[in-house]
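According to Swiss-Prot, the protein carries these features:
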type: SIGNAL; residues: 1-25; note: signal peptide
type: SITE; residues: Y31; note: site 'Greasy slide, important in sugar transport'
type: SITE; residues: Y66; note: site 'Greasy slide, important in sugar transport'
type: SITE; residues: W99; note: site 'Greasy slide, important in sugar transport'
type: SITE; residues: Y143; note: site 'Important in sugar transport'
type: SITE; residues: F252; note: site 'Greasy slide, important in sugar transport'
type: SITE; residues: W383; note: site 'Greasy slide, important in sugar transport'
type: SITE; residues: W445; note: site 'Greasy slide, important in sugar transport'
Amino acid sequence: MMITLRKLPLAVAVAAGVMSAQAMAVDFHGYARSGIGWTGSGGEQQCFQTTGAQSKYRLGNECETYAELKLGQEVWKEGDKSFYFDTNVAYSVAQQNDWEATDPAFREANVQGKNLIEWLPGSTIWAGKRFYQRHDVHMIDFYYWDISGPGAGLENIDVGFGKLSLAATRSSEAGGSSSFASNNIYDYTNETANDVFDVRLAQMEINPGGTLELGVDYGRANLRDNYRLVDGASKDGWLFTAEHTQSVLKGFNKFVVQYATDSMTSQGKGLSQGSGVAFDNQKFAYNINNNGHMLRILDHGAISMGDNWDMMYVGMYQDINWDNDNGTKWWTVGIRPMYKWTPIMSTVMEIGYDNVESQRTGDKNNQYKITLAQQWQAGDSIWSRPAIRVFATYAKWDEKWGYDYNGDSKVNPNYGKAVPADFNGGSFGRGDSDEWTFGAQMEIWW
C-alpha cells in the first residue's frame with residue numbers, strides 16, 4: 001500500500017505534465033519543395049519562363065529547393081477570447097549541392113487577438129509581419145492580391161451582408177530617396193518606405209453558391225524629413241479588385257477584375273513600387289518610373305470531373321500601360337488535368353501558353369510548355385500533399401524582344417528598357433528555340 005501511495009504523486013505529476021503539454025501544443029505548419037532534374041542538352045535542370053511574364057507554369061518547371069516553416073501557438077484563451085502567436089521562416093537554395101548555406105527570410109511574426117472587442121464579435125485584431133489574406137493561382141505560383149509585410153489591422157468585422165477588413169502594411173525600396181550631402185552630391189542609399197492601406201469587403205453572398213469580394217488598396221511613398229524622391233519617381237497609386245467565387249463541380253471558380261494606377265501597376269498585387277531606384281552594372285542609380293495604369297482580367301479554378309478526373313485551369317489577360325512606353329500586354333492560358341489510377345497514384349499533365357507583347361517595340365514573346373508527371377500523393381485530390389512525382393517537360397519559345405542591360409545607364413539611354421531581339425546587332429531575349437528536361441520532385445504542405 002505504501003508503494004502505491006508513493007507512486008500516486010508521481011503519476012499525478014506526469015498526467016498534469018502531459019495535459020499541460022497538450023494544452024500548450026505548438027502548431028507546426030509549412031510548405032516545401034525539392035528535387036533533382038536534368039536538361040536534355042546537358043547539365044542541370046533549366047526552368048522556362050517567358051521574358052516579360054510575371055510567372056511560369058510550375059509543374060516540372062521548378063529549379064530550386066524552397067521551404068516555409070511555420071510555428072504558432074494559442075498563448076491565451078478565456079471563453080471565446082484568445083491570442084495567437086504565429087511565425088514563419090522561409091529558405092531558398094539552388095539545389096546544386098549537399099551543403100548550401102543561405103540566409104533565412106523571417107517572413108511572419110505576428111499576434112492575432114480574436115473577439116477582443118465586445119461590440120465586434122468574431123473580429124480579429126492583429127499586428128506584426130504577416131501573410132495577409134493572399135490570393136493566388138497555384139498552378140503558375142502567381143499572387144495577384146498580396147500586401148504581405150509588417151503591418152496591423154482589424155479583420156472579419158461582421159457587417160451583416162459580409163465581412164469587412166482594414167489593414168496597413170509596409171514594403172521598402174532601396175535607394176529610393178536622397179538627401180543633400182555636399183558639393184551638389186545626393187546620397188541615394190536611404191531606403192524609402194512604401195505604405196499600403198487596404199480595405200476589403202468579403203463573403204457577400206450574391207447568388208446560390210457564389211460570393212463576392214471587393215477591395216481598395218492605396219499605396220504611397222513615405223519620406224523622412226529633409227529627403228526628396230528621385231526625379232520621376234512614382235510616389236503613389238491605387239488598386240481596385242473585384243473577385244467572384246463560385247462553387248462548382250466539387251471545386252471552385254474565381255473570376256477577378258483588377259485595375260491599378262501608377263505605383264501599384266508594376267507588381268500588380270497591392271504593393272507599391274516605383275519610389276526607389278535601381279542600380280546598373282556600374283552601380284549608377286537610375287529611377288524606376290511606373291506611372292500609368294494596369295488592367296487584369298483573370299479566371300482560374302479547380303474542379304472534379306467524376307471519380308477519376310480532377311483539373312486546375314487558368315486564363316488571364318493583363319495590360320500594363322506606362323507613360324514611358326515600357327509596359328507589356330501579357331495573356332496566358334493553361335490546364336492541369338489529373339487522372340487517378342488509385343487513391344494514392346495519379347498521372348498529371350500540365351499544358352501552358354504565354355504571350356507577352358512589348359508596349360515599346362510592339363514585338364511579341366511566346367512560349368508553350370508541356371509537362372507529363374507520374375505522381376504518388378497522400379489522397380485522391382488534386383490538392384493532396386505530400387506528393388512525389390517523376391516528370392518530363394518540353395518547352396518551345398520564340399522571343400522577338402528583350403530588355404537591354406548592356407553597359408550602364410549613363411551612356412546607354414535604353415538601359416532597362418525593351419528593345420527588339422536584334423537591336424544594334426545584339427541578341428536580346430531568348431531567341432527561337434526549344435528544350436526538354438526531366439527529373440523528380442517532392443512537394444508538401446501541412
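Residue numbers in this text run from 1 along the chain shown.
Each Cβ is built from the backbone N, Cα and C atoms, and glycine gets one as well.
Looking at W383 (site 'Greasy slide, important in sugar transport') and Y143 (site 'Important in sugar transport'), their Cα atoms lie 18 Å from each other. Straight-line distance linking the Cα atoms of Y66 (site 'Greasy slide, important in sugar transport') and Y143 (site 'Important in sugar transport'), rounded to a whole number, equals 17 Å.
Across the structure, F252 (site 'Greasy slide, important in sugar transport') and Y31 (site 'Greasy slide, important in sugar transport') are spaced 22 Å apart at their Cα atoms.
In three-state terms derived from DSSP, W445 (site 'Greasy slide, important in sugar transport') belongs to an extended strand segment.
Y143 (site 'Important in sugar transport') sits 31 Å from W99 (site 'Greasy slide, important in sugar transport'), taking the Cα positions as reference. In this structure, the C-alpha atom of W445 (site 'Greasy slide, important in sugar transport') lies 23 angstrom from that of W99 (site 'Greasy slide, important in sugar transport').
Most Cβ neighbours within 10 Å, among the recorded sites W99, Y143, W445: Y143 holds that distinction in the structure as shown. The separation of W99 (site 'Greasy slide, important in sugar transport') from Y31 (site 'Greasy slide, important in sugar transport'), Cα to Cα, is 20 Å.
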